[in-house]
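Structure first, commentary second.
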Amino acid sequence: MASATPSLFPLLIFARLSALIVAVLVLIWALGFKTSFLPNTPSHEDLIYAVLHPLFMVIGFILISGEAILVHRWLPGSRNLKKSVHLCLQGVALACGIFGIWTKFQGQDGIVANFFSLHSWMGLICISLFGAQWLMGFLSFWHRGEARSIRVQILPWHIFLGLYTYGLAVVTAETGLLEKLTFLQTNRNVSKHSTESMVVNGLGLGLALLSGIVILAAVSPKHQDSHAAAKTIYSK
């Protein structure tokens with residue numbers, strides 16, 4: 001079995017470091033600035049749902065789905081093992097995403113009040129695409145109900161839609177951060193130079209950095225023999 005290219009190891013390390021930074025920042029924001037998540041009603045239950053939303057959407061949905069994308073780059077073993085781990089991680093990410101959206105519909109404001117912004121529309125589109133992508137991956141590559149030729153034709157679309165949906169999830173999170181920060185600075189008198197504003201901006205930058213590293217690692221050559229083949233082609 002061919003070994004992974006050494007050029008991928010720095011990307012994997014940077015991806016894990018970026019994911020760690022993102023996780024720490026979202027935890028600091030959600031748990032350290034709870035007053036920013038206070039809803040219009042004084043209900044403690046609504047506050048819990050409001051705090052759980054960014055935690056599940058960032059850590060549960062984005063970070064775990066990013067790790068699932070990287071499975072094929074670092075996990076040793078057979079292709080079936082890698083596909084199994086990839087499928088399971090994406091399933092966990094999908095469950096976290098569904099639960100994260102569900103928390104927004106549990107407040108006293110109801111569903112309609114949380115379905116008016118670009119962030120909410122993109123979120124529902126993203127989770128729908130993610131679910132369809134997971135189902136397509138299960139049926140085409142795990143269930144093995146289709147002929148090999150059909151799976152080969154579907155694979156490029158599966159990869160494209162997977163990376164597109166992951167990127168869309170990050171963009172959706174960025175719109176949510178911008179929406180929340182704008183609300184805080186306008187209605188809650190949170191200063192643009194406050195610690196919370198810096199944490200939220202840092203979280204947005206961390207997500208942008210993480211997505212770039214994950215996508216780059218996903219499209220980079222995987223094996224040493226890929227470089228050897230390229231050298232052979234260009235030497236002719």
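Just so you know, the numbers here start at 1 and follow the chain as drawn.
Keep in mind that glycine also has a Cβ here, set from the backbone N, Cα and C atoms.
A TrEMBL annotation is a machine prediction, not a hand-curated record.
According to TrEMBL, the protein has these features:
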DOMAIN    14-219  domain 'Cytochrome b561'
TRANSMEM  7-31  transmembrane segment
TRANSMEM  51-72  transmembrane segment
TRANSMEM  84-102  transmembrane segment
TRANSMEM  122-142  transmembrane segment
TRANSMEM  154-178  transmembrane segment
TRANSMEM  198-219  transmembrane segment
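Of the recorded ranges 51-72, 84-102, 198-219, the transmembrane segment (7-31) has the largest number of C-beta contacts under 8 angstroms with 198-219.
Within the same chain, residues 8, 11-12, 14-15, 18-19, 21-22, 25-26, 28-29, 32-33, 58, 62-63, 66, 69-70, 72-73, 159, 163, 166-167, 170, 173-174, 177-178, 180-181 sit at least 6 positions outside the transmembrane segment (198-219) and bring their C-beta atoms closer than 8 Å to a C-beta of that stretch.
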